[in-house]
Amino acid sequence: MGRFLTTTALALLATGGAATARPIRACDVSTKYLITFGDSYSQTGFDVTGTKPSASNPLGNPLLPGWTASGGLNWVGFLVSEFNTSTTLSYNFAYGGATTNATIVPPYQPTVLSFIDQVAQFSGSIARKPDYAPWNADNALFGVWIGVNDVGNVWWDPNYDSLLEQIMESYFGQLQILYDAGARNFVLLSVPPIQRTPAVLLNNSPENQKAEALAVDKYNEALAANLEAFTDKNGGITAKIVDTGVPFNTALDNPTDYGAPDATCYNSDGKSCLWFNDYHPGIEINRLVAQAVADAWKGSFF
């Protein structure tokens, strides 16, 4: 039986402080691997066939901060450049617009790579632990942050509960593939309070906002329940859920503490408002999310 923990404790959130990272140095035995999957909240534009991550270039391609939807670094970039305590290399398969399974919840374009497609990319590349990415069960942390588009695209559907069961079956089917490839450390990020995005607040009635919030809660409850079953089934796992609602709400409830005039403005500079656009968090919220992940794995990966 594996270890399953849910973490909401964010010791540094009150000040928004960042952990001090050791300088990135040449690859050595302490090198760690952050292997991630998700949607635009996680994407950095990485192409596994391009320049590979290295000690001096932890994202590989594009260079830091990558091609993100935050206006700068997102949570992945922060983890490998500011919260790392040793060389940490990012293999980020996340793709903007992704859903878990495109046959259950279609993405906005058919060319979008779903979580299933992303895991297939992993399986066809670094799953075999090539010389350029010699990850193993101890030095690799697998991160998944998906569900924003799953919930956002179908929260209103009268068959939402049934769809959610199908989504979770697909989600944990992909985790099983990763486990079978040797993954043992998993961090799953919950769906944040998307009902607080400017897009939802401006375009939905209070009743619909409450309904979407309920759909988010149902998703996150299902995520926790399915992870517990997954760790019971598979041995040697350390798995943690990071409740992204905590960093989001911390910033949104205290916008001026994070350099924004209010909780609903957005700006593509990613800095002067909490939101990059009307649906994507800017740099400060991403920093807080990264901090939450780092705190959850303090002493082992960060």
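Cβ atoms here come from the backbone N, Cα and C positions, even for glycine.
Among ASN101, ASN203, the residue that Swiss-Prot annotates as N-linked glycosylation site is ASN101. For the glycosylation sites ASN84, ASN101, the greatest number of Cβ atoms within 10 Å around a candidate Cβ is found at ASN84. Here ASN101 (N-linked glycosylation site) is positioned 32 angstrom away from ASN84 (N-linked glycosylation site), judged by their C-alpha atoms. When secondary structure is read from DSSP and collapsed to three states, ASN101 (N-linked glycosylation site) falls in the coil class.
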